[in-house]
Amino acid sequence: MEQLVESLRALQVGEVRVNESLAHHTTWKIGGPADVFVIPNDIEGLKNTMKLIQETGCKWRVIGRGSNILVSDKGLRGVTIKLDKGLDHLEVNGESITVGAGFPVVKLATVISRQGLAGLEFAAGIPGSVGGAVFMNAGAHGSDISQILTKAHVLFPDGTLRWLTNEEMAFSYRTSLLQKNDGICVEAIFSLTRGDKEDIKKKLQKNKDYRRDTQPWNHPTCGSVFRNPLPEYAGQLIEKAGLKGYQIGGAQISTMHANFIVNTGDAKAADVLALIHHVKDTIQKQYQMNMETEVELIGER
């Protein structure tokens, strides 16, 4: 691993850190150390990082802003790559925008609204990055990424870069092709529509206000923990089961919205995991329903 670190630094791929606490890089503020942590300077830096990883055969993982993931207390082995400011470019071409994977979704929705472009209002309050949003087909308020994505620029582990169409991305509810294949979305093209700036601004603010009033943004959280077992809603089921406010260690089911687990200050991944299992067991016993997690559980157990 030391040789890999030296090689990464010699190639000047970006920031390279050793034993970096992932609690600093997740919205839950939870997670053990990454053996090697890389923040690429650009797409070329990411390509060179992946080339070295393939040559050494070590494990790897890509993260964005760290939402929608639960990193174990033991952390991640191998190389963790964070797509951040090196991949946060934005180009507007009429009603089409090309945006880097590291661009924050909330910021994008705000910036685009000021230019009179509609279609991203649903993303107000989504805590992740563009890359993560594409990866999981993030959505809210009746829309999702699949409704606006034209193409995704994907880097595969063998170093090839390909533009994948919306159809090739195989989107479904909170799912995309990238969850089944080892591709990394490095940028995306979204197709938006021209609209009235004031109308777009009002809709965006309405969605932001809804999230602020109904979801617990005063504590670290990852976003929604469970997928909605349609036509039911996960939060409503958990609340009906009497689990609002239930706490294990430093992890608590939010008293505002039961599909959120908050870090009250000193939560460990083990606390959150125990709480997730308790919810699943309770819902299974009371309603004979299997609750699937929307949050991804990663790292050494």
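Every residue, even glycine, has its Cβ placed from backbone N, Cα and C.
Sequence annotations record features per position, and here Swiss-Prot assigns domain 'FAD-binding PCMH-type' to 29-195. Taken from Swiss-Prot, the feature active site covers ARG174, GLU294, and the record attributes it to sequence analysis. What Swiss-Prot records for SER224 is active site, proton donor, and it gives sequence analysis as the kind of evidence.
Positions of the features from Swiss-Prot, shown on the structure.
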residue : record                    : CB count, 10 Å
ARG174  : active site               : 19
SER224  : active site, proton donor : 22
GLU294  : active site               : 19
ARG174 (active site) and SER224 (active site, proton donor), distance between Cα atoms, whole Å: 11
